[in-house]
Amino acid sequence: MLCLCLYVPIAGAAQTEFQYFESKGLPAELKSIFKLSVFIPSQEFSTYRQWKQKIVQAGDKDLDGQLDFEEFVHYLQDHEKKLRLVFKSLDKKNDGRIDAQEIMQSLRDLGVKISEQQAEKILKSMDKNGTMTIDWNEWRDYHLLHPVENIPEIILYWKHSTIFDVGENLTVPDEFTVEERQTGMWWRHLVAGGGAGAVSRTCTAPLDRLKVLMQVHASRSNNMCIVGGFTQMIREGGAKSLWRGNGINVLKIAPESAIKFMAYEQMKRLVGSDQETLRIHERLVAGSLAGAIAQSSIYPMEVLKTRMALRKTGQYSGMLDCARRILAKEGVAAFYKGYIPNMLGIIPYAGIDLAVYETLKNTWLQRYAVNSADPGVFVLLACGTISSTCGQLASYPLALVRTRMQAQASIEGAPEVTMSSLFKQILRTEGAFGLYRGLAPNFMKVIPAVSISYVVYENLKITLGVQSR
């Protein structure tokens, strides 16, 4: 009689326990599928436990924390189908074998460059007969009990702009795999990212409003500090005033994300790449164009956000009242004040953010991605924080000028100024330091914003039925 005993330790058990299978009376082909070594080197046990947890999560249909025979067989069948599709996608020559060059090409398509020596190292980990190529059987045997479905898992694990929301809107959109696009998982990722952004922006809204106040009102004669800025806001409008401008800031997430995603998919076709995923410079071009289209579409909301953040108690009854008064007093053109420096800021922010993130990602993958492309929470948070900080630092002077231009009519007696004249005025009266007013609260919000958006994103993914990382 066909039977299989699967022992799964209780999660969090203190003692070191090994998972093992016992097969009795099984056909030879099933034995080859079910076999798993009992003796695991201690240094590999941490990775092994991660595999075990992922396998249980992937196959546990009744959510009892362990796999029964039927669940495990279903997991194997489903996983083998996916592995077959991946093998075919990697087999560029269609000869039934994968060599080092094909591995290098597949990773290059994802924007990850590795040497031939590194590709051969990957091959050796799977190559049983020493031919320096991998056939289907070797591929299947190596990956069947490893819940790593494909090399594009790098895309899955290393999503950037979808996961991390630091309040900026200039990042290059993330890539989505063919499977994610075909199954509709892409919109669930976007919804999870939008929800995470809403929570993150709301939690860091006081720092964001302080940044806007310092950008517009701080000067040599009015040296506004962080504590003084918070005190001034609370004294003028109470604690509730710390969240002025947050409503419109959250509201614009949905239309901007949707427009940027659709524009990015169209721009990818225009750049002329026939690959499933774009190379880095192609992503920068397509992402920057998509960002420009999205920003142009929702830019009036950016102006409203700045005006709402700067408003005094009782000045406007709400967003619609603010928009109506701007239209009546200043005309339609007022909704596009600061548009040029905003567009110019896309390239330095998106370019540096993407370049730094990809550099950090590639460095980690080349040095530490032995068994999985999963970097873990802290590596991902560190990479997101560093890349966002570098991008903001490069584009901050343009962001400051944009904000001052957006706020012009809200400052009594402020003359109309152009971008170039405003740059000259700031440099003449405040020096280069004046271009970085408000940078401190802006940097202070990066780490909490990244951390909060990541946690909320992961929880929303579970709610929306997106496969856990």
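Cβ coordinates are placed from backbone N, Cα and C, and glycine is handled just like the others.
According to Swiss-Prot, the feature topological domain 'Mitochondrial intermembrane' maps to 1-189 (among others), an assignment based on similarity to another entry.
For 1-165, the entry in Swiss-Prot reads region 'Regulatory N-terminal domain', with the evidence type similarity to another entry.
The domain 'EF-hand 2' annotation in Swiss-Prot covers 78-113.
According to Swiss-Prot, the region 'Linker region' annotation covers 151-160. Model confidence over the region 'Linker region' (151-160) stands at 54, taken as the mean pLDDT rounded to a whole number.
Taken from Swiss-Prot, the feature region 'C-terminal transmembrane transporter domain' covers 166-469, and the record attributes it to similarity to another entry.
Marked as repeat 'Solcar 1' by Swiss-Prot: 184-270.
The transmembrane segment annotation in Swiss-Prot covers 190-207 (among others), and the record cites sequence analysis as its basis. Beyond the transmembrane segment (190-207), the same-chain residues lying 6 or more positions past its ends with a Cβ under 8 Å from any Cβ of the stretch are 161-163, 165-167, 230, 233, 242-243, 245-246, 249-250, 253-254, 257-258, 261, 441-442, 444-445, 448-450, 452-454, 456-457, 460-461, 464, 466.
Per Swiss-Prot, topological domain 'Mitochondrial matrix' is recorded for 208-244 (among others). DSSP labels the residues of the topological domain 'Mitochondrial matrix' (208-244) in these numbers: 27 helix, 0 strand, 10 coil.
Long-range contacts of the transmembrane segment (245-264) within the same chain, counting only residues at least 6 positions beyond its ends with a Cβ under 8 Å from a Cβ of the stretch, are 165, 167, 169, 173, 186, 190, 193-194, 197-198, 201-202, 205, 208-209, 212, 286-287, 289-291, 293-295, 297-298, 301-302, 304-306, 308-310, 319. Look at Swiss-Prot and you will find 245-264 (among others) tagged as transmembrane segment, backed by sequence analysis.
Annotated topological domain 'Mitochondrial intermembrane' per Swiss-Prot: 265-287 (among others), in sequence order, evidence recorded as similarity to another entry.
The repeat 'Solcar 2' annotation in Swiss-Prot covers 278-363. Within the repeat 'Solcar 2' (278-363), the DSSP-based counts of helix, strand and coil residues read 72 helix, 0 strand, 14 coil.
For the transmembrane segment (288-301), the residues of the chain that approach it from at least six positions outside its boundaries are 169-173, 248, 251-252, 255-256, 259-261, 263-264, 266-267, 270, 323, 335-336, 339, 342-343, 346-347, 350-351, judged by C-beta separation under 8 angstroms. The transmembrane segment annotation in Swiss-Prot covers 288-301 (among others), and the record cites sequence analysis as its basis.
What Swiss-Prot lists as topological domain 'Mitochondrial matrix' is 302-337 (among others). Using a Cβ-Cβ cut-off under 8 Å and counting only residues 6 or more beyond its ends in the same chain, the topological domain 'Mitochondrial matrix' (302-337) has close neighbours at 208-209, 212-213, 216, 236-237, 241, 244-245, 247-249, 251-252, 295, 403, 405-410.
Among the features that Swiss-Prot reports, transmembrane segment is placed at 338-357 (among others).
Swiss-Prot lists 358-380 (among others) with the feature topological domain 'Mitochondrial intermembrane'.
The feature transmembrane segment is assigned by Swiss-Prot to 381-398 (among others), with sequence analysis given as support.
Listed as Cβ neighbours of the topological domain 'Mitochondrial matrix' (399-437) (distance under 8 Å, sequence separation of 6 or more from its ends, same chain) are residues 212, 214-216, 218-220, 302-303, 306-307, 310-311, 326, 329-330, 334, 337-338, 340-342, 345, 392. Summarised by DSSP class, the composition of the topological domain 'Mitochondrial matrix' (399-437) is 28 helix, 0 strand, 11 coil.
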